[in-house]
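Below is one structure, written out as structure tokens, with a few remarks after it.
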Amino acid sequence: MAKGEFVRTKPHVNVGTIGHVDHGKTTLTAALTYVAAAENPNVEVKDYGDIDKAPEERARGITINTAHVEYETAKRHYSHVDCPGHADYIKNMITGAAQMDGAILVVSAADGPMPQTREHILLARQVGVPYIVVFMNKVDMVDDPELLDLVEMEVRDLLNQYEFPGDEVPVIRGSALLALEQMHRNPKTRRGENEWVDKIWELLDAIDEYIPTPVRDVDKPFLMPVEDVFTITGRGTVATGRIERGKVKVGDEVEIVGLAPETRRTVVTGVEMHRKTLQEGIAGDNVGVLLRGVSREEVERGQVLAKPGSITPHTKFEASVYVLKKEEGGRHTGFFSGYRPQFYFRTTDVTGVVQLPPGVEMVMPGDNVTFTVELIKPVALEEGLRFAIREGGRTVGAGVVTKILE
């Protein structure tokens, strides 16, 4: 059954709330669903309690608590992620369990930016969250308008420090709680009927306008991680896997990238799904790709098939990493430079050597750290690629490539 249609009239965008504990991320998330629901019968309201007791999910062997809500505006459909705990944010952003096309940074006007505000902005920069919109919350608790200006200036400075365009980022001032209380009193409150509800609309407008609709996976250059390889007598070698992005059809040139000393170029002579011929395989399809003139020995699990020139093999990179705590099934002890675990990229493990940054002697379970890795074999890498760190098959950490070195 190819190409079942999921009918969606509006473009889809993934967002999430980030920011310091108790600055109002979850209250704002609830308010967004209520406000959007008043104008759109398709939106399901979620209350603070529904969001706060976020279900556990697993991503790359790590347990994370994450709440997912959905809402829509006249222009777009949104999936929104909110995490109850600070550690959940770190794990979520590093594993990419909840990819964000843009983030809503919540800052309490009463406190201004706090340590986790900074940490979440840094994480957003490292893991490649491309856009941030700011909601300055709890402005009803601040009497002095100059103080509000000061907090806004501090937030913009902080964004600039981490290479976000702090001077251009929209900053909306409001009170998530007062908006939510109004929606509880009258769930049908519309735009223009209450000043605090209007602030939530102002935020929705800013998200609509400022965060661009992302390029769909299917429109990106073709890439398929190889999961398995077999031979069809008389026809040649087939590589199977799930297409990560782009599309592929007979006659396309592709490269086999990674693990081997040389990147090899070949031509696709067939694309199959469940033993039936496909006109074209697209992102998300599990397919077999028949490769011209390639022997069974020349392609293996862990390599990728990709559009020529779109991705290259590398051995050395910098990464942002979360190291699992003992209670999460991680190591019981710390590790030093020279540590040699396996790095699991897409479909395979490759051994690598860790080099800690200057001034860091040792990394403990539960830490979030940036370090350099040198792999013993080249792998198809790019910035933003997620991986797991494993020892003997069990996950001890999760990371994201932040910079390619060689």
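Glycine residues also receive a Cβ, built from the backbone N, Cα and C atoms like all the rest.
Listed in Swiss-Prot:
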DOMAIN    10-215  domain 'tr-type G'
BINDING   19-26, 82-86, 137-140  GTP binding site
REGION    19-26  region 'G1'
BINDING   Thr26  Mg(2+) binding site
REGION    61-65  region 'G2'
REGION    82-85  region 'G3'
REGION    137-140  region 'G4'
MOD_RES   Thr395  phosphothreonine
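For the region 'G4' (137-140), the mean pLDDT of the prediction comes to 98. DSSP assigns Gly19 (GTP binding site) to a strand in the three-state reduction. The residue listed as 'phosphothreonine' carries a strand DSSP state (E or B).
Look at the region 'G2' (61-65): DSSP puts its residues at 0 helix, 4 strand, 1 coil.
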